[in-house]
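Trainee: Right, I'll just put the structure down here and ask away after.
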Amino acid sequence: MGLDLARATRPLPELALAYFPNARSVDSDRDPGAGAVQCGDVAEVCSVTNDPDHGHIPVLLDRCVELLAPALTRTDPDGTEAVLVDATLGAGGHSERFLTDFPALRLIGLDRDPNALAIAGDRLAPFGDRVTLVRTRYDGITSALAEAGVRRIDGVLFDLGVSSMQLDQKQRGFSYSADAPLDMRMDPDALLTAAEIVNTYDAKTLTRILRDYGEERFAGRIADKIVRRRAKQPFTTTSELVELLYEAIPAPARRTGGHPAKRTFQALRIAVNAELDSLRAAIPAALAALRPGGRIVVMAYQSLEDRIVKQAFSTVTASRTPPGLPMELPGHEPEFVAVTRGAERADEQEIERNPRSAPVRLRALEKVGGRGS
């Protein structure tokens, strides 16, 4: 029987952790607001719309299932079933499909956004104690598994970047197409906001953020204008920043490469949420948690993320035999093999159905050796 989370009287993770008797809900030391989703939030958030995807159509859903399926069909002699970590739970679209297609699967869903956890918790309630939801960034995967009493996992999925659901919540400040507070926090309990960065960081630091995280070629020019503008009046809304960006970026450049605010907003969002630092820590942690035969699928939407994923995958698929030796040394074979040929792209049919999939780069590996059996 499905659980009615909107009427439940206990926090969602306590209910969801029934499958893992040693697990409990605790505040993560990585995120100040980490912990349980309060079920009262579910009714408030889920009453907004009847759309289960909340505007976020799962990207490359069939391909993700196809790639992870070989790792999720095992049954151990001790009776334990396969475990999948959805490291970017969002509205729960990918997770729902996996739980439906693999009836014995146990799922651990991670997200730092309590609104996302509330929405996904309501959506996944029919799967009962097969589901564990944890409020944490994806680099908290090791702690989340420890709290759930899970040593090794069979699959892990990352769908990186900001979700359509978050973009559509205009008050969050992620979108440059609507006026809203200059916020951009994926975790609303986090302290750092885009407004604080724009209003307090010096020109040199702002330039570095815009250049390194947004690949903005006018980073220095924009940073200088920000510093001069805020001396008269601090920035408080997205529209104020967008107006400055139109002034800072030369007209010929504004006519190419998409919206002139796109790169600056990306850079600020990445800085506010420490997205790249989190990803650099999360990928090795996820790889270490996989048992032999386990698989990882990562979908990235911009070059900075994909570069990190590509480098991490390249490292673990390389031989550990010292160069120059004529043969592979026993025990020095690669721990992982690629199950995609480089990065896969969405085809025209997928992009037509879901335009958000246009920039996606999907990479996948399988663990073939090493520790973790």
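Heads up, the Cβ atoms here are built off N, Cα and C, so glycines get one too.
Take a look at what Swiss-Prot says about it:
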type	residues	note
BINDING	GLY92, GLY93, HIS94, ASP111, TYR138, ASP159, GLN166	S-adenosyl-L-methionine binding site
REGION	343-373	region 'Disordered'
COMPBIAS	343-355	compositional bias 'Basic and acidic residues'
COMPBIAS	363-373	compositional bias 'Basic and acidic residues'
Trainee: Of all the binding-site residues given, ASP111, ASP159, which has the fewest Cβ neighbours within 10 Å once its own Cβ is left out?
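Mentor: Among the binding-site residues ASP111, ASP159, the lowest count of other Cβ atoms within 10 Å belongs to ASP159.
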Trainee: Below 8 angstroms Cβ to Cβ, which residues of this chain, lying six or more residues outside the region 'Disordered' (343-373), approach it?
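Mentor: For the region 'Disordered' (343-373), the sequence-distant neighbours (Cβ-Cβ under 8 Å, at least 6 residues beyond its ends) are 56-57, 59-60, 63-64, 67, 70-71, 152, 164, 287-302, 306, 309-310, 313, 316-317, 333-337.
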Trainee: Once near-sequence residues are set aside, which residues in the chain of GLN166 (S-adenosyl-L-methionine binding site), 6 or more away, have Cβ atoms under 8 Å from its Cβ?
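Mentor: ASP113, ALA116, ARG172, PHE174, MET186 - these are the non-local Cβ neighbours of GLN166 (S-adenosyl-L-methionine binding site), listed in sequence order.
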Trainee: What's the longest C-alpha separation between any two of GLY92, GLY93, HIS94, ASP111, TYR138, ASP159, GLN166, the listed S-adenosyl-L-methionine-binding residues, in angstrom?
Mentor: 17
Trainee: Which one, from the binding-site residues GLY92, GLY93, has the smallest tally of other C-beta atoms lying within 10 Å of its C-beta?
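Mentor: Taking GLY92, GLY93 as the binding-site residues, the minimal 10 Å Cβ count falls on GLY93.
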